[in-house]
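Student: Copied straight from TrEMBL:
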- 12-29: transmembrane segment (TRANSMEM)
- 127-143: transmembrane segment (TRANSMEM)
- 150-170: transmembrane segment (TRANSMEM)
- 176-196: transmembrane segment (TRANSMEM)
- 203-225: transmembrane segment (TRANSMEM)
- 245-266: transmembrane segment (TRANSMEM)
- 298-322: transmembrane segment (TRANSMEM)
- 342-365: transmembrane segment (TRANSMEM)
Amino acid sequence: MTRKMITRKSLKWMIALVLLAVSSILFVWNNYSFYERPIATITDVTNYEEEHVIDQFGNEDTIYSQSINAKIQNGEHQGQTITLTNHYSDSGAYDQAFSAGDDVFIWVDSFEDEELTGSITDVKRDHYLVMIAWLFLFVLMAVGKRQGLYSALSLGVNGLILSFALDIYLQASNDWLLVICAISSILFTVITLLLVNGANEKTYTAILSTLIVTTITMALAYVVLTQLNNNGLRFEEMQFLTRPYQTVFMAGVLIGILGAVMDVSITMSASIFGMYEENEAIEESTLKASGLEVGRDVMGAMINIMFFAYISGSIPSILLYFKNHSPLEFIVSLNLSLELARALVAGIGIVLAIPVGLYLSLYFVRRRRAKN
């Protein structure tokens, strides 16, 4: 009877979520009136020109031209038809082809003789983002059940905290960025681990380990970079900022390493406490050896994950420089110096999280044994 009640309750929750998902998708598909910028739905597309181009390095491309008719969905010209012109290329770096049914943001150039003409400024993508978000949530819940839901909840809360922290920073002086990020990191750690894993010794150990390792890693990174006077780091891409780019870089490193350190810390804590709860008579030396084995298993994978996560963002720029015959040394120093520095700092944090998480877990296991 209880199992049937649980199944019915779960089914009701699932139906409610599906209805909410469908409703939200339908809403964003028709929410034109909520936008201040004019939006148009493309009704007809005609390709009328094709031009082959080649640059000084022998890179070939083809540029196409489109004549587009679209219906304006909001604003003072709502319901009227507008003629738009679009140019796109095979490479598609800064442009794209459009087809009937696409929703686009437009700029009205003129409306003489009741004929509207204009240009496309952006694409309306909110409905795709909502669909991907719901797909992510359903997959998360299908795999993680309640923990998956709490993981999504913690992600949303952390996003709000980050947005709030950035608003505070924009109103504060430049010196407060690292302080604001440090406080935010503490909140991220506590909220995420408590929501996902609950309030228990395993979670407290992971929180303590994450905060200790992150502090040590950031201190080491700061000392090393200060002593080297940031030699080898190319901040050119950050110099457009009106804030101290070195401080912004360190704040990014702090936020970046937090997730990796948190992951390793909870892995170490969960493995030690899991083995102890399975066999409370297990020897501490066995726990230590098993914990080190777990740490070695996750260490290589996590370091590679951080490396590829940082490097992947530079792939378009690297390819662009390669296609324009830039030297490899220049490409690496300009595009990868900051990413490699972030990956190295994250790697140090991952390695430190293994012994710190292990010995903190063993300490709390000893305390539990003493109580029993």
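A Cβ is built for glycine as well, from the same backbone N, Cα and C atoms used for every other residue.
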Student: Residues sitting near the transmembrane segment (342-365): Cβ under 8 Å, six or more positions beyond its termini, same chain?
Tutor: 201-202, 204-206, 208-210, 212-214, 216-217, 220-221, 252-253, 256-257, 260-261, 264-265, 267-269, 272-273, 276, 284, 287-288, 291-292, 295-296, 298-299, 302-303, 306-307, 310-311
Student: With Cβ-Cβ distances below 8 Å as the criterion, list the same-chain residues six or more beyond the ends of the transmembrane segment (203-225) that contact it, or say none.
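Tutor: Distant Cβ neighbours of the transmembrane segment (203-225) are 185-186, 189-190, 193-194, 197, 233, 250, 253-254, 257-258, 261-262, 265-266, 268-270, 273, 341, 345, 348-349, 352-353, 356-357, 360-361, 364.
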Student: Below 8 Å between Cβ atoms, which of the listed ranges 12-29, 127-143, 150-170, 176-196, 245-266 makes the most pairs with the transmembrane segment (298-322)?
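Tutor: The listed stretch sharing the most Cβ pairs with the transmembrane segment (298-322) is 245-266.
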Student: Residues of the same chain, at least six outside the transmembrane segment (127-143), with any C-beta under 8 angstroms of its C-beta?
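Tutor: Same-chain residues near the transmembrane segment (127-143) but 6 or more away: 17, 21, 24-25, 28-29, 149, 151-152.
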